[in-house]
Amino acid sequence: MVSTTTSRSIAGLSVLVATALIAGCSSAEDGTVDSGSSTEVTTTQSKEGFPVTVTFAPEAPVTIEDQPERIVSLSPAITETLFAVGAGDHVVAVDEYSNYPEDAPLVQGLSGFTPNVESILDYDPDLVVLMSADDSILTGLDAAGVDTLVIPAAENLDETYSQIEQVGRATGFEDQATTVVDQMKTAIDAAVATVPEEVKEQGLTYFHELGSDLFTVSEQTYIGQIYDMFGLTSIADGGDAYSQLSNEAIIAANPDLIFLSDAKAENLTAEDIAARPGWDTIDAVANGRIYILDDDIASRWGPRVSQLVEEIAAQLNQLASSEAVPAAA
Amino acid sequence: MLKRIFLNPWVATALSVVILGFVVLFSGFSGVIDLSPTAVIRHLSGQDTLTPRDQAIFFDIRLPRIIAGVIVGATLAISGASYQAVFRNPLADPYLLGVSAGSGLGVTAVIVGGTVLGFSAPSIGVIGAAFVGGVAAVLATLMVSRGVGQGSSTTVVILAGVAVAAFASSIQTYIQQRHIDTVARVYVWMLGNLNVTNWMSIFIVAVVAGLCAAVIMSCARLLDVMAVGDVEARTLGVDPGLVRIGIVIVATLGTAAVVSISGLIGFVGIIVPHALRLIVGPGHRILLPLSFVWGAIFLVLADTAGRTLMAPQELPVGVVTAALGAPFFLFILRRTSRQRVPKRSA
Amino acid sequence: MAIIECEDITVRHPHAPTPAVSGLSTFVEQGEWLNIVGPNGCGKSTLLHAFAQVLSLESGRLKMGEGDVEKHFAFGLKAAKQRRFFARTVALMPQNPTIPAGLSVFDYVLLGRHPHSYAPGRADDEIVKRCLADLKLEHFSDRGLDELSGGERQRVSLARALAQEPRIVLLDEPTSALDIGHAQETLELIDAIRHRLGLTVIAAMHDLTLTAQYGDRVLMMNGGRKVFEGTAAEVLTAQRISEIYDATVIVEVIDGRPVVIPQRSH
């Protein structure tokens, strides 16, 4: 009995090994065939400055041989960046969450979370941008000879600038990228400057709502750092980067300002917030200081970060110009 | 008479393997991108008929995925069948004693640990953590049930498994809640996917799973005897406690190995053995090898459906198996309320 | 030479406060039929399970077949061989056999061949057919176990025990689910097989009159202890039955065998 099952297993394994060997041989051949055809395709369009090497921390550096002509982006933030630096014409498909700019070729069902490798390859890309390193996808794309860039969400403003510049480099629009970054810096500096010092030095506290389950941010997060530029302190400061608070905790902390980044996703208005039980006792609610941010702008660390900063600055300026300037919390 | 021939374990297994071969070919030629079967076959025989991209699609993307599907499906099905035998419970599946919760916890710990320490957890780390977590959870279950004093009572062991799974699950949920930015990555892992491209992992898992399957198949007769209950099994010369622990360990190793590369794919371990039992009866000499082969067929078909039906979206294979599993349960319920004519195994 | 010898055995169920059998000694000759009687809960089943090595002894000495039964079998290949050897010597027909769903009668009885052949072959098939024929179950061979009546199931369970080709057969209330006709038929069959094969039979019996008609000796138990032992005529007296069973009976002796007649007390 045992001998028959063992021989069956051996037979099965041999099939596996044989198939693996076939596969291995094919992949090895791949290398030699590949370089032949790819140079064939791109010699006519050899752009100056290429090949380039770009780095997106914490990933390893990647070398791009030639200017990408067909880009697939599975990262909403990078989609915005690509269009901002002028590479929009080279973008052939973007994931279902890349809703900005409107003329981005959004494909329903194309997902950055569970990518279908063949669907991606169906667009015949020469560059694919991903938000996280998924080994199997990367190996698949690599085997097909497609360049990949893994660009995780930026952790701070400087990283955003660096990412925009690197994306520009990778796509052959380096100059434009530099311009975008300069514009952002100027806009941000200007926005921050418009807010009077008294407001910034008041030590105002805020509650930034990520979702109606009361998840919020601390100063360690990207947006926390932006608020910090205005001298604002999160009521969750000192804790985890992302933490879930309870109603009582928020009421007890009594924030001066409330920012919503889930208004679009969860269909919330300032009235809805004010109507939450016990919340009418919160300073921010009592003084009408509930500010709605655009969901996407407040969660994508791409070129529109400057818009976010401007929005926040505008709200704070309204605050400053209104009669009742709140006392320090 | 014809039935008698088809019910011979050798004939049935051989036929099933042939069907598996066709399914593998079918799956290899199915996908979002059209590959001409003749071109593939010509390429295999040495001619250079495929573009590099198409070569990559067939050999580096589809083929490892299909083979992973074969290994995972086969192992889950045969583990499920053996669990159902030693626990005499039709709802027993390979995850019964906590493998799923344990692997989930292991994967979460590695992914979160990675972000805390500042790097992106590599696949190897995730695979290793899933395996270790799964095995550790089952060992904990066995120890807990021994600690209670009834290491061989089926009810106690199952309840211990429930407790260990709940505990592991709660720790995992807590960790995730504290690191909510990792939830997506863990969730995607848990949905299960056969997107494996690392041939070395496939090979290692194949060896482990294959060995486990071979051991289980050699115990076919023991599993038949287990059907009459612990007391009577003992009078027939079998120590049911030993058989139970032995099978649990072997089936768990196989399950943990495949879970480590594929995530948690459910229902295969229940649907396949049950469907086969309805057709060929409860004799394990035929049920085990058929479960092995048809588990592979089922999962490869489910995965093919998942990556082609709703393109460009990819339906996680665990979703497909679950969608098929629910109506199947209803079907089983209906049939068990009617009488069945058993088949005599040859 | 006694094929079963037990000396002062005590058997306790796991975690039970009191033992189910205590200080019991008896012996059984090869080829003998010993009936064990006693009120509900007296320890009949427990004693049989101890003989079958399903329960281990707390103390005392037990010899079944060839050698002493030392302890509950442990790990290891040697223990496995011991277990299989024991199963070729002793077979148990339980009171409430487990009926696995979907199994045919033939395959169920074939399980009884496990102590002999790990992979059953044609010889085993023949033995199963013979056991089914002995118990007049040939026509049930391909039927499912779930389709049988209670009485038919008991006979199938007995067939499985006989398929083990044991030297000792332990029967736990073999006729409790059978009507009087089938009970007689089954006991006749057992007696015939016993004589043909030289089997030793130990039966825990419910019906005292049937007990008296079949078997060589009777062992009466109460509260886990042996209270009387001897021939049926010696043990089954009105006085003893009323004392142990707390029942009112008249005992008539017909053809040397006691017939127990319950009396209504007015």
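Cβ coordinates are placed from backbone N, Cα and C, and glycine is handled just like the others.
Residues or ranges marked as transmembrane segment in TrEMBL: B:12-33, B:63-83, B:95-117, B:124-144, B:156-175, B:196-223, B:243-272, B:284-302, B:314-333.
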Field: Contact set, same chain, for the transmembrane segment (B:314-333): CB under 8 Å, 6 or more residues outside the stretch
entry: 69, 90, 188, 190-194, 263-268, 270-271, 274-275, 278, 298-299, 302-303, 305-307
- prompt: Is the number of Cβ-Cβ pairs under 8 Å between the transmembrane segment (B:12-33) and the transmembrane segment (B:124-144) three or more, considering only pairs separated by 6 or more positions?
  reply: no
- prompt: Looking at B:63-83, B:124-144, B:156-175, which one has the highest count of Cβ pairs under 8 angstroms to the transmembrane segment (B:243-272)?
  reply: B:63-83
Field: Same-chain residues near the transmembrane segment (B:63-83), Cβ under 8 Å, at least 6 residues beyond its ends
entry: 20, 24, 27-28, 89, 92-94, 96, 194-199, 202, 205-206, 209-210, 212-213, 216-217, 219, 223, 247-248, 250-252, 254-255, 257-258, 261-262, 265, 268-270, 272-273, 284, 287-288, 291-300, 303, 317
- request: Sort out for me which stretch, of B:95-117, B:196-223, B:284-302, has the most Cβ pairs below 8 angstroms to the transmembrane segment (B:156-175).
  value: B:95-117
Residues of the parent chain within Cβ reach of the transmembrane segment (B:95-117), under 8 Å, 6 or more residues beyond its termini: 83, 87, 125-126, 128-138, 140-142, 157-158, 160-161, 164-169, 171-172, 175-176, 179, 181-182, 185-186, 189-190, 248, 252, 255-256, 259-260, 264, 266, 269
